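Trainee: Please see the structure below; I have some questions.
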Amino acid sequence: MGVDGELKKKKCIIAGVITALLVLMVVAVGITTSRNTSHSEKIVPVQIKTATTAVEAVCAPTDYKETCVNSLMKASPDSTQPLDLIKLGFNVTIRSIEDSIKKASVELTAKAANDKDTKGALELCEKLMNDATDDLKKCLDNFDGFSIPQIEDFVEDLRVWLSGSIAYQQTCMDTFEETNSKLSQDMQKIFKTSRELTSNGLAMITNISNLLGEFNVTGVTGDLGKYARKLLSAEDGIPSWVGPNTRRLMATKGGVKANVVVAHDGSGQYKTINEALNAVPKANQKPFVIYIKQGVYNEKVDVTKKMTHVTFIGDGPTKTKITGSLNYYIGKVKTYLTATVAINGDNFTAKNIGFENTAGPEGHQAVALRVSADLAVFYNCQIDGYQDTLYVHSHRQFFRDCTVSGTVDFIFGDGIVVLQNCNIVVRKPMKSQSCMITAQGRSDKRESTGLVLQNCHITGEPAYIPVKSINKAYLGRPWKEFSRTIIMGTTIDDVIDPAGWLPWNGDFALNTLYYAEYENNGPGSNQAQRVKWPGIKKLSPKQALRFTPARFLRGNLWIPPNRVPYMGNFQ
């Protein structure tokens, strides 16, 4: 059998196993119901006889069961197979978001017509909600045609995209909170069902993930694991599944050949980065390398969703610099739009480049780099700003040997992110400000998102040291209810307040957050006086392993081809 035939066979096996597990879930629900009904009755596994029974079973793990059941039944399912019902749920959610976008446009456009700030929020919201549906469509497109021959990776991909959809929708709501408009509540109501449906979809997929662990599926289908290991082996050290174009790029010794060159002095094809980006082929599926020569490039750069597999290579993080000064407080720009550089196209890589926002602490929210792309890698980059410097908005991201500097919430967002061997630099804030390194934005307890600092160095710039006892610095604070941040193997200088973490507002999220420090060192790592919130965790070595790049990002599958230093686990 050829490779294509083998892959099809594997896919059929995987689909069959997932369906079988979901049927087991339905049976379990039926058994539980039977047990609760009568202890004297003989327990008999129930059959899926009606659409109602099947829908109720699939909706069992969700938080919004009534919304789940009503939406699926209204869609008149023609199948009682659990997998088909979950796919139907994705379609229903997409239609719900699209209908809500239209409703918001009809009902709120007139109300926002005389308010530039609110009108801008409404326009941005429409874009974000369309991005949310794109992630849901990714789930549908990959449901039958997934290519990674491991069930766990397939399920995790779905969780990543569902988490991304949730992040986009939450960002829409956050955008309205930045205005003084009363329309924020209207937006919450209009998109209430859509957001509940997305959460329900994540709950269903997460339940599959849990079942895989409980039933030890990788052990049952061990040939899949063996097949995956085969895919990752090759004599030249490059995974065998990497395509010929990428292989040639990776195998090149003495540097990478650029597709285009950007230079201020006219020695390249283009003088601006945005001009070079316009040369990226449509539906690009192979590395497109843009070499950006030494210089300061004052431009707002947007790598759009259509610009995939783009690589930026500079002459050094302090030699090639992209700069801007858009900000929320002085410039009246929405936080999401303040980014000097916005990365939206998947499979993006940046090496040896600096990104900065020069608005200063007076500008308040002023993003230097926003990353919404999936499978993004940054190596030897410098990201400088003050408040909200690095916006790790959504999806999988890996930073290695980078420097990030700032004051308030300067690494924030809801991506699945690992910063490895990075320097985290606290800067001097305004007189009345404290400094918080992280503000992770996980808003649903099942999201696969979180922020991990591994083998990093947390320090302060020289100007901060004299004011550290006045303008105290903290490891982070919970931006959203299920905020998750893990700091491990990191050297923490004497710049962090002994309490370690700071509340966001009163007791918000203190019970539901997930914060952990594991095997850190340095004078700021002493946990004796740390806050004692219920959400603070003490990790075992096994638990800590979950947050290494190999596990948390499934990084072994996609980071090594970028040829950057990479440590999958602890060594």
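Just so you know, glycine gets a Cβ as well, placed from its N, Cα and C.
Remember, predicted model here, so these are calculated numbers, not experimental data.
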Trainee: Record says GLN365, ARG477, TRP479 bind substrate. Source is Swiss-Prot. Which of THR335, THR340, THR389, THR449 does it list for that same site?
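Mentor: When Swiss-Prot describes the substrate site, the candidate it includes is THR335.
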Trainee: Just confirming the record: what cysteine out of CYS381, CYS402 does Swiss-Prot connect to CYS422 via a disulfide?
Mentor: CYS402
Trainee: Which ones, of the recorded positions GLN387, ASP388, CYS402, CYS422, have a Cα no more than 10 Å from the Cα of ASP409 (active site, nucleophile)?
Mentor: GLN387, ASP388
Trainee: What is the interatomic distance between the Cα atoms of CYS402 (disulfide bond) and GLN387 (site 'Transition state stabilizer'), given in whole Å?
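Mentor: Computed Cα spacing between CYS402 (disulfide bond) and GLN387 (site 'Transition state stabilizer') is 18 Å.
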